[in-house]
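> I grabbed these lines from TrEMBL:
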type	residues	note
COMPBIAS	23-40	compositional bias 'Low complexity'
COMPBIAS	73-82	compositional bias 'Basic residues'
REGION	1-82	region 'Disordered'
TRANSMEM	95-117	transmembrane segment
TRANSMEM	408-427	transmembrane segment
TRANSMEM	439-461	transmembrane segment
TRANSMEM	467-487	transmembrane segment
TRANSMEM	494-515	transmembrane segment
TRANSMEM	535-555	transmembrane segment
TRANSMEM	567-587	transmembrane segment
TRANSMEM	593-611	transmembrane segment
TRANSMEM	618-635	transmembrane segment
TRANSMEM	677-695	transmembrane segment
TRANSMEM	715-732	transmembrane segment
TRANSMEM	738-756	transmembrane segment
Amino acid sequence: MHGPSEGAAARGEAPDLAALPRNGTAENGTAENGTAENGTGENGTGENGTGENRTSETRTALASGGVADTSHRARPVARRPVRAAGSRRARIHRIVWVLLTAVLTGVFGLPGSALAAPQGQVVIIGVPGLEWADLSPWRTPNLWKLAETAGAASLSTRAVPLEGRGITCPVAGWLTVSAGQRAAAPGCEPPVQPRGATVPDWQALVELQRQSSFQARIGTLGQAVKDAGGKTVAVGPGALLAAVDLSGNTTSYFESIADLNPGGYQLIVAEAPEISDAWLADGMSARGREQAVAAADTTVGAILAKIPQRATILVGGVSDARAGAHLHVAMARGPSFGTGLLTASSTRQVGLVTITDLTATALTALGLPVPDGVVGRAWTPTAQPADPKALADDDLASQVLRDVREPFFFALVMIQVLFYAVASVIMRRQVAAAGRAMMIVGVVSGAVPISTFLAQLVPWWSVAHPMPALVGTILGFALLIAAVAFAGPWRRDVLGPLGVVAGVSSVALLLDVMTGSHLQVNAVTGYEPVTGGRFYGFGNMAFAVYSTGTILFLAAAAHFIRRRTSALVFCAGYGLFAIAADGWPSWGADFGGVPSFVLGFAVFMLLLAGLRVSVARLALIAVGGAALITVIALADYSRPAEQRTHLGAFVQQVIDGEAGGVLARKLGAMLGTLGNWPLTLLSLVAVAFLFLVLARPREMRVAALSVAYEKAPELRAGLIGALTAAFVGFLINDSGIAIPAMALTVAVPLTLAAAVRAETPPPRAGATERPGT
């Protein structure tokens, strides 16, 4: 460039913008990429402007615009020193270029200042298969020492699993880091050794992602660094998968960490593959795993020895190395991280982050924007101390949950079916002596669903025999709730026990989502961090318990309030708040739950008010429910990307044209739940019991449900409203049959208890009974 040295600076004039330092504003913004080469430099004020021919060519150019020439002719040169005129022209020129650059950048998005250069250096160390239980001061001294000085969390590594295998294999894990979105792999083999800095068969991997409903854009991480002018290096074939750009290439590649010179690279991706390599080779014994972990620790130590102290280091166990999925190690050391637990807005759980967050964290640490296709969010530190043993316990809870969930539901279904069968015989034969016992069992049974969440208050998974501990804990909470239901004067009322159980179900889950959704994590009816389907807000089973409990609780409340106007006001207030909490991004964040909840609640309110439920009204209410969740989603979308929940993310997917794949995936999941025969059987048996036993007239007697409706007409409104929400929820949520199964598990036993109570004389007491009870 010629302008700064031979033009304005040589004559002592004010310095031109092109003269700014090359390593400061110049090289990264104003100079080569901004005002210099493309603005005030070689093509602006340099060779053709303020440079060698400024005194002639510039005057001619400015004269054509009328600015410079007018001032020059109006004031003779003798009356104004050349230096002053030149300074004025230089200032005008700078102002014009600054304004022009600002306008064009804002309107057209000129690349000159669109991306800032990467700041600092980030090192991603992938250790596929590494779990917190592997770490110890003597077996993994390098990793243990790093853990003492870094932030830490459990890492959910869910990618696109292979058919029939619920684990993340190394290639899928590395590609997920590359894309910031769940990626697929063609198999579960080690990454292919490259011959250079290019991934072999890259286009085949790209095509594989196009066939997946997640549509992962592999190469996003490396491309973002490249577009910002940074350089990326990979050490190892797995690391290469994560480091390359969209074309499958990276700046440099080394097979061994010994060959790496970290200087000059903004992003370094390295791997310690010993654990996954040993597992993929021929499986591993306990002793073999210990040896592989020790070897991986040695590799990590060699990597850390090469890395400057000022670099940000991100460690992740990016895939599984067992037959079953696990939570893995996540650590972060650098200027933005302390030594406490990590979290991310994608999980909202302290001590839990995801593999897609790793991509966003690396880019954020480099000071680069996170592309829209990256679904993860950057890791952030917390003040809560990190304890490797506690993090290992979190993984243990996930493993125990996986082992006990299927037998638990099998047992639950069988017990429910047996209970309905026995109750049918008792109801048809009118065995009065068994009525009270059946009522008590019904209340306890209706309390079981909420007790599955309350059981998370006790570490049942840490005992030697977790299945009996789980059942005992759930049964203990259910009996405690039933004791409260039969403890007070409300026990004499038809809807007294029902109202207590339903109220606990509603309020407990409402408070849970308002305080972080901790009761649902690793609950047998909640969500698993390992599978990564959801980390906060209402899961679909929790929604079923919550919506059913809320509507039945409001029915009982209206029954006790007596005054219709006061009852309607209370029900409307609490119900609308419960719906808002279900959909609010910071609490329930339940996209599919709000429309079904709105419809069920509206049906309840119409019946409670004595109004007819027409098709036109239902259609209007359905539109209102859809509009409400749309407004909530748009409000979430209006927030910064790093603060959005999956509600705002879905709006972005609609804008990007990806909504079809998301909806197709959820529809397929919903239809697939019909193959879950235990829950399908439970739903069918509960519905049959409700309509063929409770609602069916008996010999010489009216139906038991009719008697309950006569004494507590609010029960009819509540039951119909709750079942409406469950049925609509079944149609529009990916959990499908699980929603009506859990809703019926709450509603039918409690309705049976109310029906028995309506036909059974209350216990003698000095207190005056409510008329009609």
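Heads up, the Cβ atoms here are built off N, Cα and C, so glycines get one too.
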> May I ask for the residues of the chain that lie six or more residues beyond the transmembrane segment (467-487) and have a Cβ under 8 Å from a Cβ within it?
403-404, 407-408, 411, 440, 443-445, 447-448, 450-452, 454-455, 458, 460-461, 496-497, 500-501, 504, 524
> Between the transmembrane segment (677-695) and the stretches 439-461, 535-555, 593-611, 618-635, 738-756, work out which stretch tops the count of Cβ pairs under 8 Å.
738-756
> Residues sitting near the transmembrane segment (408-427): Cβ under 8 Å, six or more positions beyond its termini, same chain?
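Non-local partners: 434-435, 438, 441-442, 445, 448, 467, 470-471, 524, 678-679, 681-682, 685-686, 688-689, 693-694, 698, 704, 745, 748-749, 752.
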> Do the transmembrane segment (567-587) and the transmembrane segment (738-756) share at least 3 Cβ pairs closer than 8 Å, excluding pairs fewer than 6 residues apart in sequence?
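Counting Cβ pairs under 8 Å (6 or more apart in sequence), the transmembrane segment (567-587) does not reach the transmembrane segment (738-756), since there are fewer than 3.
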> Checking distant contacts: for the transmembrane segment (439-461), what same-chain residues at least six beyond its ends satisfy Cβ-Cβ under 8 A?
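Same-chain contacts beyond the ends: 393, 396-397, 400-401, 412, 416, 419, 423, 469-470, 472-479, 481-482, 485-486, 497-498, 501-502, 504-505, 508-509, 512, 518-526, 541-542, 544-545, 549, 742, 745-747, 749-750, 752-753, 756-757, 760.
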> Counting only CB pairs under 8 A, let me know which of 494-515, 535-555, 593-611, 715-732, 738-756 has the most with the transmembrane segment (618-635).
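The stretch with the most close Cβ contacts to the transmembrane segment (618-635) is 593-611.
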> Which residues of the same chain, at least 6 past either end of the transmembrane segment (535-555), have a Cβ under 8 Å from a Cβ in it?
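Residues packing against the transmembrane segment (535-555) from afar: 156, 346-349, 352, 354, 449-450, 453, 495, 498-499, 501-506, 509-510, 513, 516-517, 520-521, 525-527, 529, 570-571, 574-575, 578, 582, 587-590, 592-593, 596-597, 600-601, 604, 608, 645, 712, 714-715, 717-719, 721-722, 725-726, 729, 733-735, 738-743, 746-747, 750.
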> Below 8 angstroms Cβ to Cβ, which residues of this chain, lying six or more residues outside the transmembrane segment (715-732), approach it?
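That would be 494-495, 498, 540, 543-544, 547-548, 551-552, 554-556, 558-559, 592-593, 595-597, 599-605, 607-608, 670, 708-709, 739-740, 743-744, 746-747, 751, 754.
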